[in-house]
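Among the features that TrEMBL reports, domain 'Ig-like' is placed at 38-123, 128-215, 233-334, 343-406, 412-500, 502-587. The domain 'Fibronectin type-III' annotation in TrEMBL covers 597-698, 703-800, 805-899. Marked as region 'Disordered' by TrEMBL: 684-712. The signal peptide feature in TrEMBL is assigned to 1-24.
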Amino acid sequence: MTLLWKRLVVLSVIGCLAVSSAHAEDTKFLGPSWKKEPEDLILPIHSPEQEAILTCEASGVPSPQYRWSLNGTLIDLHGDERRRLSGGNLIITSLERDQDSGVYQCTASNTRGTILSQRATLQFAYLESFKMQTRSAVNVREGQGVVLLCGTPLHSGELTFTWVFNEYPHFVQQDSRRFISQETGNLYIAKVEPSDVGNYTCVVNNTITKERVFSSPTPLVLRNDGAMGEYEPKIELHFPDTIPAAKGSTLKLECFALGNPVPKISWRRTSDVSFPNKVKLKNSNAILEIPSFQQEDTGTYECIAENSRGKNALFIHLEVFYRMQTTMTDKSLSIEENLFWECKANGKPKPSYSWLKNGETLISEGRVQIENGALSISSLNLSDGGMYQCVAENKHGIIYSSAELMVLASAPSFSQNPLSRVLKARSGCDVSLDCRPHASPRAISLLCDANKLSINFRISLFPNGTLKIANVTKRDGGTYTCIAKNQFGTASTTGRLIITEPTRISQGPSSTEITVGESIVLPCQVTADPALDVAFSWAFNGQPIDFHQDADHFERSFSGDLMIRNIQLNHGGKYVCLIDTDVESLSTDAILVVKGPPSPPDLVVVEEVTDSTAQLSWSPGQDNGSPITGYVIQARTPFTVGWQAVDTVPEVINGNTLTATVVGLNAWVEYEFRVLASNSVGMGEPSPPSTKIRTEDAMPDTAPTDVGGGGGTKSELVITWEPVPEELQNGEGFGYIIAFRPVGMVTWTRAVISAPSVTRYVFRNDTIPPFSPFNIKVGAFNNRGEGPFSSIATVFSAEEVPSVAPERVSAKSLSAADIEVTWELIASTPERVLGYEVVYWEDDTKPDTVGKVRITGNYTAVNVSGLQGNTQYYLAVCAFNTAGTGPQSVPVNVTTKKPPPGQPPQNVEWNLIGSQLVLQWDPVIALETESEVTGYIVSDIISLHPENALGYLIRVSLKVTHYFPFTSL
């Protein structure tokens, strides 16, 4: 290909810009690529109704066609009723062992080529019977070890082994003395005992066919020449020196020894690396199981068999053989280029390599060379295109890796990567213009028109087609054309280069301090070439600001400024304004320091506690831009509502102090404390609460309040008080001490109450004079001692009820619901009279009190209301005082008046005559149980005056004062 640059026109634009392009080969057609390959399959031989499905699926465009081979021979499916294709899968029915077992391989082909699949083996599981011939007896001495051979019959598929002792189903139980190998099927008895004598039958199970076969019995006979003496262990289970294991598989190692005494089996790694937790030891350590075998499990393992006579050991080296892996990638090369494909496979032993093209073996000759697994083809031509496979093989298997080679031949084309129509570059920058057409083969550079472009120390043309201009100026602007040629044709692409002036930041943000809750605008203004598109963005602490999610705080103007509203502490940090143009990116930044109340202190610890103080310490929180000036301590108890400030020493805690003593606490109260810090901005949030602590107990220091009393019944002295709140009781065992004495006496009588909630004490003594004055006081105590007493109060002992009843009692009915009761004051009685009580009832034969009316003082009359009309009531009067009521007077009776008529007037009519309103109604006839009608009351008359044009309603009340029946007004 020839690359030719022409400079046609000079124009003015902006930017430092490198233009590059790439071309993707047309991928309309694709060669086959495996999605699913066949895998080994083993089926029961006696299941003719079962079908075998060998999977095969490949992708490709056009869709691949499939063929199958068996043991290297192509299978002809035409007319075959037992074998058919479903997609790429091979389905075989009516299975036959002789015809269908073997190695299968799938072939996928389309117009781009052919690939072969992995090989898969189809096997049939079976288990033949034992040859039923008599087995010779095995003669052993007591104490000797023995191995009974199973002699496994011909089979295919995994087997398991058990042994029957004498009669089925009495199976041999494995222990430290007896072991059944699942590798050989043999039964190992480390030390024969008399109880072992009998017939042993080997039982073989095929795990696939579920078949089970029994051998002939092997008699075990005890010799009569005496027991065998002790001897050192002899390991009878042997395995190869080295065992390769597939990565991820489960590996089981067996080790068992004969010996007298019975040997103990143990395992170790010669590297002294301990076994991981996944390793399992089974059957008295005779089996070492390693699940999910990995590289770290490789190494030398030692089986140790040991008894009192000695020990023996066997070593085995485990190594992992990886599933062979090789990776090839599709290649697109131009005609006449060289191909090199490397194929590597990991495996032990080292694999051998071969190569296939479209399923056919490649021979190393001429342009095609195969060496150490690598394939090279020189000077490619179109016929070299196709599907290639690397084949790696060792004794463990064979693996294929596939890739497609596309050989390209085409004229130059800029359809995929033309030059941009407009290219902008900043004055003073270096500019690279890439000319990279798609062409096969690549062309050589041609400078036949180089005279149109002055090549000098600033302008360079590279072999790959890149044109580089250093330190561009306005004169470099204009139209540039790249011309590409090869033997298949010519193509060109043209772009316009515009040189712009540098963008400058005219105003950027400056670092500043601000207080929480305030707002600020961070400016970001630029001067830019008019030909440029300018975009602004902001970052905070290295992360772009999301103006949608954070719209409550951040707002961006079209000019680039950033407004931050209601600033919080978390808004402090570095703000960067990013300016992007077509040709360059600029940035300017500022640090915003947000000052706010201090963060909560931490680690509040109560270090020492007394009955009234607590010593606290704490760690300071962040000062948030303003030094901490002081601290306040708050406390909370179960008896307070929320947190309350407490007194401290020192009284004022400055910002450099991290310890203080809280004073004035109540004894024996559970407290929590928290600390708040303040600075010039304000008070911060509180710290987390401290651990709850209880102050020490102390004697009570608070006396009960509202000490009083009096009242009660005869011969009683009643004393009352307000209880001491629980938070002031200062300890456990709280109670009250009551002290009293007659006024004028010196000696106090004391009583003790051990219930903190009691508020009343009654002293009874027949010698107490009624209504006699006493001095009283109440104190408190707890387990630590007695506290102060209240101030002395004077109360009176209980008085006696009045002994005289009132005289001259009379009653008069005032209405249907009211009566008036009168009496004479009691002139002389030794008891106090505080007032009088009237009791009344209806039926004198059943004098249950209907009601009571009490009046305090020297009154001689009282009205009783709420009675029933036309009803006879009986009444009595008695005096009362704090001791109760005295004797009642002789009852009197009175009958209430009849109630007024219950029916309203009927047929009420009214007429307006001039300025007079005339009302008429039917007379009301009173019932026998009602009082007679003596008059009417007229109220709520509606008057419509002619001058009231708006129709207002005027209510007028008129009371009739003539107390004789009439029916008009």
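Heads up, residue numbers simply count up from 1 along the chain you see.
Cβ atoms here come from the backbone N, Cα and C positions, even for glycine.
Automated prediction, rather than curation, is the source of TrEMBL annotations.
In the domain 'Ig-like' (412-500), the DSSP tally of helix, strand and coil residues is 6 helix, 40 strand, 43 coil.
When each of the listed stretches 233-334, 343-406, 502-587 is scored by C-beta pairs under 8 angstroms to the domain 'Ig-like' (38-123), 343-406 comes out highest. Most Cβ pairs under 8 Å to the domain 'Ig-like' (128-215), among the stretches 233-334, 412-500, 502-587, belong to 233-334.
For the domain 'Ig-like' (233-334), the number of residues in each DSSP class (helix H, G, I; strand E, B; coil) is 3 helix, 54 strand, 45 coil. Among the recorded stretches 233-334, 412-500, 502-587, the one sharing the largest number of Cβ pairs closer than 8 Å with the domain 'Ig-like' (343-406) is 233-334.
Mapped onto DSSP classes, the domain 'Fibronectin type-III' (597-698) shows 0 helix, 48 strand, 54 coil.
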